[in-house]
Amino acid sequence: MNNLQLEALLNETLSPQLIKDYCPNGLQVEGKVEVKRIVTGVTASMALIEAAIELKADALLVHHGYFWKNEPEAIRGMKGRRIRTLIQNDLNLYAYHLPLDIHPQLGNNAQLAQRLGICVDGGLEGHPQSVAMFGHFLQPLTGEELAHRIGQVLNRTPLHIAPDQADKLIETVGWCTGGGQDYIELAASRGLDAFISGEISERTTYSAREQSIHYFSAGHHATERYGIKALGEWLAENHGFDVTFIDIDNPV
């Protein structure tokens, strides 16, 4: 498929025009015209770029690309090395950030819910483009049980901040993959029993303790593996691309 046709297909699927983002979504660095082999991964790090080159990929498809709002505009240093390597190897770079978080089937939030056994009830912000979700478990569980489940699914032990009432059972839950810790306030105002995200701030601890809500910091990278993986699998199954997902270790 032509690289611009692939971008059009991804745009049609993920609808980036529907949500305001902090970076451009779509084809960020243009490479060879014909795309057959794609490598997917969470972040367009040099390690992932080199792995894609080793596999003779035509395109790299990621969740975290380049050209973020308020980042230095000059193409130099680490940013310069990455982009120069892409261009020298004629490697296309496609990136989809918030549109991939919120897709109802392929998105990071949807994929995490599926793996944790969460029944999705809706968007925490109350509109279709909400980047945080809420739902429920069919069977209530303790904070320790949910922490264990998260650890088993993501292969990473989460940081669990229990509320002052530590034995509170969890039936209703909110979540936002990546850096969505501040959505705990919306979750608490809705009266949810728990909130899950990738990261945690110092203030999150007190929000959890004082508002009677369990908080689980499960890892930015770990919570966002599965959307880009699902998108690649969809491209392979429905459009015949040769797709390889590569998970570059990141403990954050």
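Along the chain as shown, the residues are counted starting at 1.
Each residue, glycine too, has its Cβ placed from N, Cα and C.
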Query raised in the report: Can you pick which of Glu224, Glu233, Glu237 Swiss-Prot lists for the same divalent metal cation 1 site as His63, Asp101?
Result: Glu224
Report summary line: Other than His63, Asp101, Glu224, the chain contributes near divalent metal cation 1 (Cβ within 8 Å of their centroid) the residues Val42, His64, His97, Leu100, Gly107, Asn108, Thr177, Gly178, Thr223, Gly227, Ile228
Report task. Would you mind reading off the Cα separation of His220 (divalent metal cation 2 binding site) from His63 (divalent metal cation 1 binding site), to the nearest angstrom? Result -> 12
Query raised in the report: So which of the binding-site residues is most packed in, judged by how many other Cβ atoms lie within 10 Å of its Cβ, out of His63, His64?
Result: His63
Query - Under 8 Å by Cβ from Glu224 (divalent metal cation 1 binding site), counting only residues of that chain that are 6 or more apart - result: Val42, His63, Asp101, Asn108, Thr177, Gly178, Gly198
Query raised in the report: Which residues, in sequence order, are found in the same chain with Cβ within 8 Å of the centroid defined by the Cβ atoms of His64, His220, Glu224 at the divalent metal cation 2 site, excluding those residues themselves?
Result: Val42, Thr43, His63, Thr177, Gly178, Gly179, Gly198, His221, Thr223
